[in-house]
Amino acid sequence: MGRILLVGRLAVRDLRRRRVEAVLLLLAIMAATTTLTLGLVLRDVANDPYQSTRAATDGPDVVAGAGLIPGGDRPAELSGLEELAGAPGVVDHSGPYPVTPAELQASGRTSDVQVVGRDAAPAPVDQPEVTQGAWVSDGGVVVESAFAHALDVRVGDPVTLGGRSFEVVGVAVTAAVAPYPETSCLVAVGCASGATPEELSGLPPGLLKNPGLVWLTQADARSLSPDPGSLSYVMNLKLADPAEAQAFAVANARENRGALRLESWVDIREEATESAADAQILLLIGAWLLGLLAVASVSVLVGGRMADQTRRVGLLKAVGGTPSLVAAVLLAEYVLVAVVAAAAGLAVGSLTAPLLAEAGAGLIGRAGTPPMTMSTVVSVTAVALGVAVVATFVPAVRAARSSTVGALAGSARPPRRTGWLIAISARLPVPLLLGLRVAARRPRRVVLSVVSIAVTVSGIYVALILDAFLAADPLAAGVDQAQAEWLRQVLLVVMVIMFSLAAVNAVFITWATVLDNRRSSALARALGATPGEVSAALAAAQVLPALVGAVLGVFPGGFALFHAVNAITGGDGDRATLPPLWQLLGVVSATVLVVAALTAVPARLGGRRPVSETLQAELA
Amino acid sequence: MSDAADMSVLRARGLRKDYGKGEGLVRAVDGVDLDVRAGETVAVTGPSGCGKSTLLHLLGGLDRPSGGEVSLNGRRIDDIGERALARMRRTDVGFVFQAFHLMEELTAVENVELSALLAGRSPRAARRRAEELLEQVGLADRAGFLPSALSGGQRQRVAVARALSNEPSVVLADEPTGNLDSAATLDVLNLFENLHTSGQTLVVVTHDARIAATADRMLSMRDGVLVDETRLTGGTTGRLGALVGLED
């Protein structure tokens, strides 16, 4: 117990002594834990608006459709649908309602729609909640809210449906189908949602392309269909136990041998929160990339601190601390920071998730604070601890194994010798000669620098593809304009956090390099190198790995990450356009320039340290 | 101006270096006047903390004076920019430090050639010169060794070879034997004797009177001030080791 207390006390005191570093460590790990929390809880939070809509509209537990087979036996299918109303477990229903495909023209735009005929009187199951205007009446059309928003249609606007004029009398939300553009297909001709313009042009005629949903009176809906026998039907069922909805849908679809289409509220909710699922994937991928960046940040910070803590380690060992105690003290500091970062990430992620999961136009109600499940807490804490332990384990063990006398003398870890690089550098101009040698002294730091930049550039590569895809044709991505904008914002947030962490890494690594090279920089100056040459060398030691990292970040990094994203999401990578060469060259050049700018100040400070003072300090 | 002053490689007038401010002000070097002629070996002695090393750093342009003037080869160096100072150090000054200050990851020959590479010599010429110098200091067979594989005396001989790489006007040595045992001290002293004989101008800072006795002139320093000057003859003739009691 006393040993644990001692380890805790030493760790806390050292953290207090180095508050700025502790805060930077905390922020680096927190960036990863917050993003991971957001990714894990976003879907739960995004469910809230659907649940609100379901409650407000007496949403169905199962939606059953009939007449979906071209040339099918309509009377038999309709009769099968009506029989479902009396199936075991069904406590209430509405419909069957007729559904017909049509073309809608409004505000100079044309779109395919599915027209559902409804009664003017309220239905016991699925009574769409009117958010503007009124419910259906003869000659009056009610437009699904997300579709109305995408089409910019308002109450009072004239529209043409199947060549006939109607007036928009209302805008409503429903939980019986997913909001536009994810709308379920209720008609026999079939629907194509989420297709690119090229793909749409190749589809058979008659197929509804990205259809919206509108409601008319049953009489108006029937009048739009030239042949009453071609109508499809939809019925909304309420079950005694909503949790049994999926099992009910599967069992009855099987019983009717595919003549009926049954969709549970759980499936509809999945479709309704599709954009949140996309955002969740972006956040989770971002979280893993940020986790890698955080490992690089913490490794550099820990490496820098270890160099600084050599004497402290020697002192601990001299007064009887065993190697395991020394390692435990060093690990405890970072584990403590990681635990705080995990708690903070969980709190910040949970509180900001509702802001990211705002209800789309097709749903009502707001997202609430997500429930904190054990799996979320364990996942986030494990990532935070993983980052801390991976980054500190090797330096801690190395410190624990160091010689007590050497540590007490404060001798720094000897630099590495890379003979071939030293030989090559002799042929280069002075800044590159010194810069390559500076880089070669600490190969592990160079690797961290390359990884940090490569991870960031891979993220940029994928972000460029996704952003272009969302901007060019949101419907092909299965989202409307507003959702596409929202996803692009999520992408931007993740990228900004990644940029920030990568920038912090670049500055950390440069500063660690400056500190580590105090003596050799002073010596180079004593031998005749100018401050400018030494500064340029310190900057070159960062810029050269940045160039390598940026190139690797494009290929294979970004290329592999994009295909990994596709594999995880089941997406079709061929539909996205890879960034053009000029854009990739721009990313590589911009990365190098940004790293050069970020390292300029620390490198300049490092190149101008007083020579005499630094060389004299060796004797102290 | 006297003839002696005209022939000076190194010249200081009223040289001053202050640290701190107000009541905490410490004057490490206080109004030093000094002339070092070409080919002369000057020893600066005094107790630890008297300002010897600071004076050496001011003379070599490693540090900026708070007042006074320093000239090297007739050119003022106390008021020139950092870049010009660096260029001056490349070609006109060679430093030898008590702590050797060799790059740990470079072999002996790579350490010696570094000065020449910084001065812009071709890699081939720099390597050739470094090998010659290692031959001169008796370390040709240790050229490919890292400093960690060399003894203290050998490291200091590498440092001396590096100081000579660009054929400087003056070599400034700061306690060159301070970290060495007797045998290694003798090695370095013999090396300096050879330099002296070859006409190399040398300023050696030491707190060891035996080492100082090998110079042409010995300057004593106390509290930042040169308090005494002794002109010696033993430093230019006879056997140094015998003179300083390191050999029979």
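Placed from the backbone N, Cα and C atoms, the Cβ positions cover glycine too.
TrEMBL does not curate its annotations; it predicts them automatically.
Per TrEMBL, the feature transmembrane segment maps to A:20-42 (among others).
Residues or ranges marked as domain 'MacB-like periplasmic core' in TrEMBL: A:25-172.
Under 8 Å from some Cβ of the transmembrane segment (A:281-302) lie the Cβ atoms of residues 21, 24-25, 28-29, 31-32, 35-36, 38-40, 42, 334, 383, 386-388, 390-392, 395, 444-445, 448-449, 451-452, 455-456, 458-459, 462, 466, 487, 490-491, 494-495, 497-498, 501-502, 504-505, 508-509, 512, 561, 565, 568-569, all in the same chain and six or more residues away from its ends. Summarising the annotation, TrEMBL assigns transmembrane segment to A:281-302 (among others).
The domain 'ABC3 transporter permease C-terminal' annotation in TrEMBL covers A:286-402 (among others).
If you look up TrEMBL, you'll see A:338-357 (among others) marked as transmembrane segment.
Among residues of the same chain six or more beyond the transmembrane segment (A:377-400), those with a C-beta under 8 A of the stretch's C-beta atoms are 29, 32-33, 36-37, 40, 287, 291, 294-295, 298-299, 302-303, 306, 309-310, 313, 323-324, 326-327, 330-331, 334-335, 337-339, 341-342, 345-346, 349, 407, 413. As annotated by TrEMBL, transmembrane segment applies to A:377-400 (among others).
Annotation source TrEMBL lists transmembrane segment at A:446-470 (among others).
Long-range contacts of the transmembrane segment (A:490-515) within the same chain: residues 24, 27-28, 31, 35, 279, 282-283, 286, 289-290, 293-294, 296-297, 300-301, 303-304, 307-308, 356, 438, 442, 445, 448-449, 452-453, 455-456, 459-460, 463, 466-467, 470, 521, 538-539, 541-542, 546, 594-595, 598-599, 602-603, 605-606, each at least 6 residues beyond the stretch ends and with a Cβ under 8 Å from a Cβ of the stretch. For A:490-515 (among others), the entry in TrEMBL reads transmembrane segment.
What TrEMBL records for A:493-602 (among others) is domain 'ABC3 transporter permease C-terminal'.
According to TrEMBL, the feature transmembrane segment maps to A:536-561 (among others).
The transmembrane segment annotation in TrEMBL covers A:581-601 (among others). Sequence-distant contacts of the transmembrane segment (A:581-601), counting only residues of its own chain at least 6 positions beyond either end whose CB sits under 8 Å from a CB of the stretch, comprise 453, 456-457, 460-461, 464, 503, 506-507, 510, 535, 538-539, 542-543, 546-547, 549-551, 553-554.
Cβ atoms under 8 Å from those of the transmembrane segment (A:536-561) belong to residues 285, 430-439, 446, 449-462, 506, 509-510, 513-514, 517, 521, 524, 529, 584, 587-588, 591-592, 595-596, 599-600, 602-603, 606-607 of the same chain, restricted to positions at least 6 beyond its ends. The average pLDDT the prediction assigns to the domain 'ABC3 transporter permease C-terminal' (A:286-402) is 79.
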